[in-house]
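Quick notes on the structure that follows.
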Amino acid sequence: MDGSGSWDAIDWNQIEDPRPRRPGQAVKESMDDFLLEDEEVIAQGHGVILLNNREAGTLSVTNFRLLFVSQAKKCVIDLGTIPLTTIEKLNDDVKLQPLPHLSDKSRPRELLQVIGKDMRIIVFAFVPKTKQKNEVFDALRRYTKPANLKSLPQSRGAGEVSLSNDWWRLTRVNSSYSLCSTYPSELIVPRSISDEDLFQASTFRSGKRLPVISWCDPGSGAVLARSSQPMVGLMMNFRNNADEKLVCALSSRTTDDKGSPRKLYIIDARPRANALANGAKGGGSESSSNYARSEVLFLGIQNIHTMRDSLSRLRDYVDAHGSISSNGSPSAVSVVGDRRNRGSTWGGGNLNSMTSFSSTLGEWLNHIQNILVGASWIAAQIAEEAASVLVHCSDGWDRTTQLVALACLLLDPYYRTFSGFQALVEKDWLAFGHPFAERMGVPTVAENGGSQYELLRQPSLGNLSSSPGRNVLGASGPSSHASVQSQTSNNSSPILLQWLDCISQLLRLYPSAFQFSSKFLVDFLDSVLSCRFGNFLCNSEREREQSGATSSCRCMWSYLADLRASGGIFHEHYNPFYDPVKHNGALLPPAAALAPTLWPQFYLRWTCPIESQGGDLESQWHAMNKKYAEAMKAKDIAEWRAKDIKMKMESVKQDLQRERRASSTALATAQSAQRENAAIKKAIESIGCTIKFSTSENQEDRTEVLSCSLRRGTDARGQEDENGDFSVSISAIEDGLVSEAPGDHFCESLCPFRTREGCRWPDAPCAQLGSQFVGLKANFDAFDRLSIQDCYFGPE
């Protein structure tokens, strides 16, 4: 594509056409290695190109996700793989605006755009003139729009809690959810308020969400409470004695000696104008004159619809100007879209897009800042003034949850740990009924047990986004299908994302105050959006119990804990800079420090993957730790090899020592034999004989020889020497030859070898008269007593 974003450069001939499948033939086709447990392939496309990174591969629709496997790398591509419930919109009629300097060859284009709730916009290109795109698109339309809760992939348990002191009590008046269907079964309320008062007070609040305590300062006794708006009406003149009694009880006690009531702040998260407008529907806000020592403040945080549209505009711009864009072109040369309205990027000399980006980014960050400032102000009043605070918005489950949960995180260091974060989410988001199903656009349980929302059955027609001027990939044309399929209702909104965004800002301000990292927050949000776990299905605790989601689905907390356990203390979910001693109290950031920046780990991870981790100290530490771990692994291998070599050297050394001992023994034996040989030689020479040792049996001299064979001794293993036998010759030398005639009378009278018993050496030739033995006097008995070992003379 020459880096230009033009579709004309794609060589479709390089992509193999899919083999035709027989009716009923399975579509898995070697995908088993990439599937999760119980995951099944429903539809599949081959030779599909992910336009964002121009990767070719196989696109599969499963019963859990849209799965893209690289054709070349044979691995799952994360950018092109997204859980079905994380898909916000589908568009099968994408028109790409050609670049002005390239000619349009009018090649057929089969495109499918997928817009995710996780800031992802991806486009797939299918082989032209095949049914693959229609099969994948139809499967996505069916399975991303489940008709009921049971169609979603299928825990959370709450233990018994007890609370008792002089000020507050735990009531189970809502155990059957008859007091408030969206509140938890157990509530913490002032001890002075009876259960009957609670029922009367609930009638004065929207959705019966009466004021109850979320957190209490153990030192001062100040409380952080939450509720929904009061039903004061258009003229703000309706009152309820039980409600006023309950609210005043939140500030009726102090820890000073005087026992005077503490200050009570009533925080309305909405803009004042919105609160007044709700009066026309029976709602509104409190009057400080009706509540003792109270003050009402408005934070000006916008509603869910404003937040949804703001995020949509931010997502569009980040996608259009990232290094990886759904239009297939890098930001530096991107001119896709309507140039008259949008202008080209800075590559074309027009910086209108920079102004647009500043406006879009500033709008989103302004929402984040408002939430941060409001929560910080609430925490400061409780920690520094020991005042009690009651927080509400319209219904008390969106902006109220954001503010209360964030204030708890600032006030209590326990909530900044893994176990504390889980407890905080369980308490303020799940137990107090944040409508996850509505905000994520998935089914839930109705009062009659059926499907409450049919929003997923009706396709949303129109543009790709609610933001005006949205046309990143060009104008949409007519199509047999609905051009845009929306998985969300008008009540969808990124409320949880904003809360996690605020925590990421605090992580940046206080890098050693949190046990968890920014990567943990990203994985937590991805797990929620995937709807893979039962913890975050439905809209309330009651609905989760009715649907059985808490018992039939896997627990997300266990999944995240297993991830951490797999990597030990160096897992990327751990904050390496965490110091619980340094931050063992409340975090009270000054207003000047609450200037948020874009959360790169989440917003830029798909479009700017390198930049999303570039300035993050945690990522740099984990990268260094990964290298360190690899170095330690190499060190362990080297140490093992060195140990093995050392053991082998010790073995060789022991062998050498054994050989040395054997050599010493052999040398000693040889020296002993040499000494014995010398003694034998000397003894024989003493009787007038010469001795000659030879390895040859042939005697060339003409001497009379007294000879015997001497066999070399064998070693300890019983093996004979390879040199064989050797001979020892003892010769009696005379002046002439020995007579061959039989012995005569001289032999009997003069032969020194002759005794009464006969010839001493019968086998030896007789000496003649005149030989060297004549007159020889030898002590033969002494010769016989010489110590000569038999081993030197073998058998004859």
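The backbone N, Cα and C atoms fix where each Cβ goes, glycine too.
Of the candidate ranges 1-25, 326-350, 701-725, TrEMBL annotates residues 1-25 with the feature region 'Disordered'. Residues near Ala280 (substrate binding site) in space but far in sequence (CB under 8 A, at least 6 apart, same chain), listed by position: Leu234.
Counting only same-chain residues six or more apart in sequence, the Cβ atoms lying under 8 angstroms from the Cβ of Arg399 (substrate binding site) belong to Ala269, Arg270, Leu299, Ile301, Ile371, Cys393, Ile495. Among the recorded positions Asn278, Asn303, Cys393, Trp397, the residue whose Cβ has the fewest other Cβ atoms within 10 Å is Asn303.
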